[in-house]
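Here is the structure we will look at.
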């Protein structure tokens, strides 16, 4: 038994040493998979002057060219919220480029009409979500560091902007803050045909550092700036939530809970008015369902619900 305990202690020391070595490395620029901050240029930027009117919360929504219906549903629901509890809120969509000239032209027209699209010249694809997310961080870094908070989410999400704003005001933590649905002990998937496969060459360790589900996470604006600055010194991984988690680990920023009860639902949630009044984000939302649920919530603002 004593021999077994000794082996476990040695194994733990070796693992901690490996992790310390990994996160203390200054640069991974010799590896083929490294994010380049200076790569690409902005094709579309939204109509906002953060210096003159700093927002309290900016929501960055990853989307694709074909998801126009989802963007329109968001614009008619939680994305139309611009003033919540006296705080300015703005929602923008993150896109890459398409091989289709028609789609690119349509997106340009959409951007001119709504002035809410952020776009750079990289191919819009699922496995470029890390590039898309880092584009959002870069935009905050260059154009809107004055915002207090940022939320990164997806186009198939319900977001309760009002409740999120309420919780952020109560939390009142405006530096080194990162929250969402926390995954503290996830491990890399090594099966090659799995959608989330990560090779040992990309990431040789058996566990990821704590990160938040990419369906929706919220952070203070200084974190966006710090993540952007440190991003070139972290191995590039196509799983954007894991990549951001690696950046957080490098920065020694640990994700924390926003509320004592669960408020982020990456696995979805059955709709009810009272339940959705007290959540922040819910996944697997079809455009028509989002419109229906939002109208139900709007119609029931005076409804008495049990305290949460």
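Just so you know, glycine gets a Cβ as well, placed from its N, Cα and C.
What Swiss-Prot lists as topological domain 'Cytoplasmic' is 1-7. Per-residue confidence over the topological domain 'Cytoplasmic' (1-7) averages out at a pLDDT of 46.
Taken from Swiss-Prot, the feature transmembrane segment applies to 8-25.
As annotated by Swiss-Prot, topological domain 'Lumenal' applies to 26-308, with the evidence given as sequence analysis.
The secondary structure of residue 128 (N-linked glycosylation site), as reduced to three states from DSSP, is helical. The annotation N-linked glycosylation site is assigned in Swiss-Prot to 128 (among others) on the grounds of sequence analysis.
Annotation source Swiss-Prot lists N-linked glycosylation site at 172 (among others), citing sequence analysis. The number of other CB atoms found within 10 A of the CB of residue 172 (N-linked glycosylation site), across every protein chain shown, is 8.
Cβ neighbours of residue 229 (N-linked glycosylation site) (same chain, under 8 Å, six or more residues apart in sequence): 141. Positions annotated as N-linked glycosylation site by Swiss-Prot, on the basis of sequence analysis: 229 (among others).
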Whole-Å Cα distance, residue 128 (N-linked glycosylation site) to residue 172 (N-linked glycosylation site), is 33
